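Reviewing the structure listed below.
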Amino acid sequence: MRAVVVLLLVAVASAKVYDRCELARALKASGMDGYAGNSLPNWVCLSKWESSYNTQATNRNTDGSTDYGIFQINSRYWCDDGRTPGAKNVCGIRCSQLLTADLTVAIRCAKRVVLDPNGIGAWVAWRLHCQNQDLRSYVAGCGV
């Protein structure tokens, strides 16, 4: 029982809900501004609508896959959660690695996703809320 409590505390301690500007600065420092032709405001907008900037966000899909982390990266194609039938794991990671405050793995995988033919359009929330919009407000006042 004590081990379970310790594991839960570790999981909670590693979770993070980013502030908009804090995320913008972290993404910029990781080379996301302009990556594969996508401006920083696009990445911040995508993160807002996919996860509300929450690294612990998960969403189960009707096909049995799950979306994980701040970018809601899908277990059918990009990561291994050990329960999605026929998963491809193109990023070569465990989905649980996408649920931490450290964005390194999530950013590396998002950079891989955006190189596919759908580009940033692979994210439904980006298509619905960010595409062809004025996104300046997502980085306004952030000093980036």
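Including glycine, each Cβ sits where the backbone N, Cα and C put it.
Matching Swiss-Prot disulfide entries to the candidates CYS109, CYS130 identifies the partner of CYS45 as CYS130. Looking at the candidates CYS91, CYS95, Swiss-Prot gives CYS91 as the cysteine bonded to CYS109 by a disulfide. The disulfide entry in Swiss-Prot for CYS21 points, among CYS95, CYS142, to CYS142. Annotation for the disulfide-bonded residues CYS79, CYS95, CYS109: lowest Cβ count within 10 Å of the residue's own Cβ, CYS109. Over the domain 'C-type lysozyme' (16-144) the predicted model carries a mean pLDDT of 98. Taking the Cα of CYS45 (disulfide bond) as the reference point, the closest of the recorded positions ASP67, CYS79, CYS91, CYS95, CYS142 is CYS142. Ranked by CA distance from ASP67 (active site), the disulfide-bonded residues CYS91, CYS95, CYS109, CYS130 have CYS95 at the top as the closest. Listed in sequence order, the recorded positions from CYS21, GLU50, CYS130 having a Cα within 10 Å of the Cα of CYS109 (disulfide bond) amount to none.
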